[in-house]
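**Q** Dropping a structure here in structure tokens format, bear with me for questions.
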Amino acid sequence: MLDAEQKKNYVAGAFGEFVGTAYFLFMGVGGAVNFLNNAAGSPLPGFAIPFCFGFSLFVNVFIWAPISGGVFNPSITIALMATNPKDFPWYRGILYIVSQFLGALFGSWLIDLIQPEAPNAATLLADGVSVAQGLFMEMFATSVLTMAVLILAGERYGKYLAPFGIGMSLFISALCAGPYTGASLNPARTLGPAIVANQYGRAHWIYYVGPTLGSLLAAGYWHILRILNIDVVDLKNVLNKCKKCGKEDPRISLKHCEECLKDDPKPEKYDIESQN
């Protein structure tokens with residue numbers, strides 16, 4: 001049973017996911033609208049639209065991560081449930097997923113209400129792209145984004161750079177998949193604009209199945225790493241050895257041995273070399 005503190009934290013997390021997802025869509029679509037309206041006929045939108053969504057994700061993850069984790073994506077929520085059921089049980093996942101879909105719907109509605117002559121932000125398959133191609137494009141692009149979350153945020157590596165890395169992974173994935181599928185990588189990002197615009201397009205289901213398969217693929221990668229007991233590349237993986245006393249120290253940035261400096265505080269006398 002959940003105690004009062006856990007319930008409060010889960011409700012706060014769900015609120016953070018609702019607001020964060022709404023602002024992620026609002027800022028991403030709003031920025032894209034600005035570029036589309038002011039750079040029509042130029043190649044700029046092809047670069048700027050992925051940038052808007054990537055930067056919006058970066059900013060909102062940075063803001064909301066301390067509250068909810070800054071997930072904003074039902075597919076990635078499923079991956080978190082699959083990789084960390086202790087900290088992310090199914091009932092927390094369902095609460096987050098509902099909040100994310102509602103937040104995306106609210107953010108899409110705000111854009112439609114506030115932005116004058118806002119174009120349709122629905123994700124649609126491009127002409128000439130088959131359903132299978134679109135499905136696999138969404139799947140593999142989402143797996144990249146999910147791995148960024150699992151490694152940078154879920155494993156607590158890159159604590160301060162995690163929001164930037166996650167935003168950049170969306171940016172590069174959107175550059176790759178955008179011309180073909182609209183680069184959803186997020187069922188909530190697809191459903192909100194689709195409902196507001198009442199436009200679902202061809203094979204709309206791939207925007208739910210593809211990202212979910214991609215997130216599960218990334219979860220599979222994560223489990224393989226755990227089974228093989230392979231740690232993420234990090235400073236602690238590098239064994240450094242003080243040339244004076246021979247003591248190993250994992251801090252690659254350390255230029256001298258602290259214990260040796262107690263006797264002689266001149267750091268230039270010591271050198272630590274990396275050992276394989």
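Cβ from N, Cα, C; glycine included.
Found this in Swiss-Prot, in case it helps:
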type	residues	note
TOPO_DOM	1-10	topological domain 'Cytoplasmic'
TRANSMEM	11-31	transmembrane segment
TOPO_DOM	32-46	topological domain 'Extracellular'
TRANSMEM	47-67	transmembrane segment
TOPO_DOM	68-93	topological domain 'Cytoplasmic'
TRANSMEM	94-114	transmembrane segment
TOPO_DOM	115-133	topological domain 'Extracellular'
TRANSMEM	134-154	transmembrane segment
TOPO_DOM	155-159	topological domain 'Cytoplasmic'
TRANSMEM	160-180	transmembrane segment
TOPO_DOM	181-204	topological domain 'Extracellular'
TRANSMEM	205-225	transmembrane segment
TOPO_DOM	226-276	topological domain 'Cytoplasmic'
**Q** Do any residues of this chain, six or more beyond the ends of the transmembrane segment (11-31), have a C-beta under 8 angstroms from a C-beta of it, and if so which?
**A** 48-49, 51-53, 55-57, 59-61, 63-64, 67-72, 92, 95-96, 98-100, 102-104, 106-108, 110-111, 115, 118, 121, 188-189, 192-193
**Q** Among 47-67, 134-154, 160-180, point out the range having the most Cβ pairs under 8 angstroms from the transmembrane segment (205-225).
**A** 134-154
**Q** Taking a Cβ cut-off under 8 Å, which residues six or more beyond the ends of the topological domain 'Cytoplasmic' (68-93) line up next to it in the same chain?
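**A** Same-chain contacts beyond the flanks: 10, 12-17, 20-21, 24, 57, 60-62, 100-101, 103, 142, 145-146, 149-150, 153-154, 163, 185-189, 211-212, 214-216, 218-219, 222-223.
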**Q** By a Cβ-Cβ criterion of under 8 Å, what residues six or more beyond either terminus of the topological domain 'Extracellular' (181-204) are in contact with it?
**A** 21, 24-25, 28-29, 50, 53, 72-76, 100-101, 103-109, 111-112, 120-126, 129, 131, 134-135, 137-138, 141-142, 145, 170, 173-174, 210-212, 214
**Q** Six or more residues beyond either end and a Cβ under 8 Å away: which residues meet both conditions relative to the topological domain 'Cytoplasmic' (1-10)?
**A** 91-92, 95
**Q** In the topological domain 'Extracellular' (181-204), how many residues does DSSP assign to helix, to strand and to coil?
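**A** Counting residues by DSSP class gives 12 helix, 0 strand, 12 coil.
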**Q** Across the topological domain 'Cytoplasmic' (1-10), what are the DSSP residue counts per state (helix, strand, coil)?
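**A** In the topological domain 'Cytoplasmic' (1-10), the DSSP-based counts are 7 helix, 0 strand, 3 coil.
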